[in-house]
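Peer 1: Here's the feature list from Swiss-Prot:
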type	residues	note
DOMAIN	8-205	domain 'Glutamine amidotransferase type-1'
ACT_SITE	Cys85	active site, nucleophile
ACT_SITE	His179	active site
ACT_SITE	Glu181	active site
DOMAIN	206-398	domain 'GMPS ATP-PPase'
BINDING	Ser233, Gly234, Gly235, Val236, Asp237, Ser238, Ser239	ATP binding site
Amino acid sequence: MTNIHHHKILILDFGSQYTQLIARRVREIGVYCELWAWDVTEEQIREFNPTGIILSGGPESTTEANSPRAPEYVFNAGVPVLGICYGMQTMAMQLGGLTETSTHREFGYAEVSLRNPTALFDHLNDDATTSQTTLDVWMSHGDKVTRLPDNFQITGMTSTCPIAAMSDESRRFYGVQFHPEVTHTKCGQKLLQNFVVDICGCETNWTAENIIEDAVARIKAQVGGDEVILGLSGGVDSSVTALLLHRAIGKNLHCVFVDNGLLRLNEGDQVMEMFGDKFGLNIIRVEAEDRFLEALKGIDEPEAKRKTIGKVFVDVFDDEAKKLTDVKWLAQGTIYPDVIESAASKTGKAHVIKSHHNVGGLPDYMKLGLVEPLRELFKDEVRKIGLALGLPAEMLNRHPFPGPGLGVRVLGEIKKEYCDLLRKADAIFIEELHKADWYYKVSQAFSVFLPVKSVGVMGDGRKYDWVISLRAVETIDFMTAHWANLPYDLLGKISNRIINEVNSISRVVYDISGKPPATIEWE
């Protein structure tokens, strides 16, 4: 079996908004990497034994006395090092160079003129349509390197930044003031590939097939012949987790699907058909709509609704788990960004905006071991694994759906009547987006039930009924988002269908709020 962790890159995070993007780009090349805080110890680096190290960008200034620094061992480990933006600046400072606050800050596109030859820039411009002497890049910096460390050479410059890239070829140390990880930088992925594959010598073994083989082997080694329980929601993470476990241990996997009454139209039946009938998984379906709605009576505050939904889910899951007396392990669809977020929260710097629906767990007395086969994977990698395991692309590429489901898309108190109306309206919205070839052009689209009544006219009579809001956004990372500029005729068609086909809806509105200041979900 291929050792997918034999060659690996360590990325030290100095706080850049793009740091996770660096890791995803390295993974796309086919090499495993991990993301650690900048203040890691020498012992931890030695234990990880990286094939190469990348220093990320960050918001701090190297001219400040207490700004973050890379561990000195990074430059004594005998492996190649690439510094990006702040990472280049701290490399220069720590190795004897000088950085200063620039009088001309660079944010956005810039043209880098290539200077002395460097392995980092080899064959970047194989495409004959691109220049052989310049690179179009994305800059985001206020400081700049003004004096090189000993044995370094300038490999790139801009009109306002004389040292935009540098290298010490003998020690295989490289720095770039721009961000190769963002798509705005042309040839950025090829630059990272030069570093990871050609300079560090990593083999590209991080593929979907190898990851599946490794995950199955590790599950077998971890749980042996024991039985495992998994909460299956039908979402991407739990679905891929279920199929990996099923491949590894077969009928020893018990999936519990809790139908809480807060799902999309016909979603419960679709989950059972997909995983029970098609894939042959052992699934227990729990009809718990009444239990959830009873617990949610009178609760209209969003955070209280989330907490209640989470608590009831744990209680329902606990009741089913008690019936399976031989279960020794709990499986969860934890993915790598969850691991990173959890680690970051321990620093005390995190500010809670909304509680995450996966936070929490089963009662302590259950004493189950934890199986998390996706904890090394980013979301896009999970989708690739799912595709390789046979899940349909349309399911894997569905828009995100919140853990509390319609519980955060019905504003205020949740009632069955409201959920039923919202389900039908949302199904029409999504159906029309598909028909108009707009579904995959937007990042997320959904309907929201507003518990306010508005006057309308139906035939010769007036009616006083509920309001539905449509929400569609375009985003790269879900940290910021723009409302989608859907065609007016499409919005009109959707509105007419909802008002005519869903009883008790008198008005449809379109949400044109960006993030920030609004969040994507209404609650």
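A Cβ is built for glycine as well, from the same backbone N, Cα and C atoms used for every other residue.
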Peer 1: For a quick check of packing: other C-beta atoms within 10 Å of the C-beta of Asp237 (ATP binding site), how many?
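Peer 2: Within a 10 Å radius of the Cβ of Asp237 (ATP binding site) lie 20 other Cβ atoms.
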Peer 1: Look at each of the recorded positions, Cys85, Val236, and point out the one with the fewest other Cβ atoms around it within 10 Å.
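Peer 2: Sparsest of the recorded positions Cys85, Val236 by Cβ contacts within 10 Å: Val236.
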Peer 1: Taking the centroid of the Cβ atoms of Ser233, Gly234, Gly235, Val236, Asp237, Ser238, Ser239 (ATP site), which other same-chain residues have Cβ within 8 Å of it?
Peer 2: Leu232, Val240, Thr241, Ala242, Gly333
Peer 1: Which whole number is the mean pLDDT over the domain 'GMPS ATP-PPase' (206-398)?
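Peer 2: Across the residues of the domain 'GMPS ATP-PPase' (206-398) the model's pLDDT averages 89 on the 0 to 100 scale.
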Peer 1: What whole-number Å value do you get for the CA-CA distance of Val236 (ATP binding site) and Glu181 (active site)?
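Peer 2: For Val236 (ATP binding site) versus Glu181 (active site), the Cα atoms are 26 Å apart.
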Peer 1: Based on Cα coordinates, which of the following recorded positions are within 10 Å of His179 (active site): Cys85, Gly234, Ser239?
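Peer 2: Checking Cα-Cα distances against His179 (active site), the recorded positions within 10 Å turn out to be Cys85.
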Peer 1: For Asp237 (ATP binding site) and Glu181 (active site), what Cα-Cα distance in Å is obtained after rounding to a whole number?
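Peer 2: Their Cα atoms are separated by 25 Å.
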Peer 1: Give the distance between the Cα atoms of Glu181 (active site) and the residue listed as 'active site, nucleophile', rounded to the nearest whole Å.
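Peer 2: Cα-Cα distance, Glu181 (active site) to the residue listed as 'active site, nucleophile': 11 Å.
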Peer 1: At the level of the C-alpha atoms, what whole-angstrom distance separates Ser239 (ATP binding site) and Cys85 (active site, nucleophile)?
Peer 2: 38
Peer 1: Using Cα coordinates, what distance in whole Å links Gly234 (ATP binding site) and Cys85 (active site, nucleophile)?
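Peer 2: It is 40 Å, counting Cα to Cα.
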Peer 1: For Ser238, Ser239, listed as binding-site residues, tell me which one has the smallest number of other Cβ atoms within 10 Å.
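Peer 2: It is Ser238 that, of the binding-site residues Ser238, Ser239, has the fewest other Cβ atoms within 10 Å.
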Peer 1: Using the alpha carbons only, what distance in Å do you get between Ser233 (ATP binding site) and the residue listed as 'active site, nucleophile' once rounded?
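Peer 2: Counting only the Cα atoms, the answer is 41 Å.
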